[in-house]
Amino acid sequence: MELMRNRIRPYAWGSRTAIAELLGEPVPSAHPYAELWLGAHPGDPSQIDIDGAPTRLDTAIARDPELHLGAEAAHRFHDRLPFLLKVLAAEQPLSLQAHPSIIQAEQGYDQEDAQGIPLASPDRNYKDRFHKPELICALTPFEALCGFRDPAATVKVLAGLQVPELDHFLSLLSGQPDSDGVRALFSTLVTLPQTRMTQLLSAVLAGAVTAIGRGTPFEAEYRTALSLGERYPEDWGALASLMLNRLTLQPGEALYLPAGNLHAYLSGVGVEIMANSDNVLRGGLTPKHVDVPELVRILDFSAGDREVLTGEVRDGIEVYYQTPAPEFELSRLDLAGADVGAMITLASLGPQILLCTEGAVSVAHNDGSVLDLRRGQSAWIKARDRSVSVWGNGTIYRATVGRPGELTA
């Protein structure tokens, strides 16, 4: 087992306090800290010490995949760590985005290669050939837009604005309140000429202000659209937000995002785990590259409520967030709630990453070595270590390889 040194992504939407505080650094930070990456993604791999020498985790795995991943995971995932763990801190909304299925990723990657688009190009959609299902678990109250709302409910949200300019668009969904109607309405909105889009957005935002003033059960949805519209005054994303489920996760609650799920994180801090990919299709609410036709092509237009995961308690203390993703599994241990002096054994045939988010914990190997983790620190447990014991008065998130299953088509 080794202490990890992890890299920070300084995106503009990040926080100058949350990740800096987690790491024990001065607050506010000089620039926004958006994501802390823990893993072996070649874009920002963690480092560990091997024989006293700082070594990239992806390099260490490539040198001896079975040592680090275990024979089964090395074979199943072609000698690469299949998951990426992050701490995400959103001070501002992220882009409206979705991630491709594995088949879509393979096809998109090959097509862009054939077109000669460099991997480092800002206009490239597909950076690798992998899908990117993901799970976000809240450390603070966490606001998100996730998946298309039930069509009947969306009709009520849009009708509640009492905006005549919306009548034509509303009829696309009220006349066909199913996934096809959702596709028709969404596709029509995102392909409007810019002049008409700007006019429609202005009318919708004015309607939202009026509706809030007279009282409405959809105040949260309307305020979200207003906030997004003020930040991006000519972007269809504010309109699209009114078609999506708006959720607030409380600390310890989680949300699973499969391929094709349209979403945008609005604010909050969370631990995020995903398949080890950097494929993102953006459609709006961002100054970065957007590709609306490709986003529409890969979207899942099935509509309905999205399940908030509270986790399943196993062995009395470890809370598991079960998903169908074969690449990863995330669990949480609140060791302060364990019996005083109790040691919890964490066993796995594959690799583990342990991240301390509160307090302090100790991690012991069966060779007698002990690694002390304070808040913000993490440990790499290679597969050959098999098991470790943990104790202390802190909280740790544990990332492991998921169970074998079907890849998302």
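Any Cβ shown, glycine's included, is placed from N, Cα and C.
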Checklist entry - GLU134, GLU221, GLU230: which one does TrEMBL list with GLN97, HIS99, HIS263 for the Zn(2+) site? => result GLU134
Checklist entry - DSSP on GLN97 (Zn(2+) binding site), three-state: which is it? => result strand
Next on the checklist: I want to verify one value. Collapsing DSSP to three states, which class is GLU134 (Zn(2+) binding site)?
Outcome noted: strand
Next on the checklist: Just to verify a number: CA distance, ARG282 (active site) to GLN97 (Zn(2+) binding site), in angstrom, no decimals.
Outcome noted: 4
Checklist outcome for this item: Taken over the domain 'Phosphomannose isomerase type I catalytic' (5-149), the predicted model's pLDDT averages 97
Checklist entry - Do you know which of the recorded positions HIS99, HIS263, ARG282 has the most other C-beta atoms within 10 angstroms of its C-beta? => result HIS99
Checklist entry - Residues with Cβ closer than 8 Å to the Cβ of GLN97 (Zn(2+) binding site), same chain and 6+ apart in sequence? => result LEU262, HIS263, ALA264, VAL280, LEU281, ARG282, GLY283, LEU295
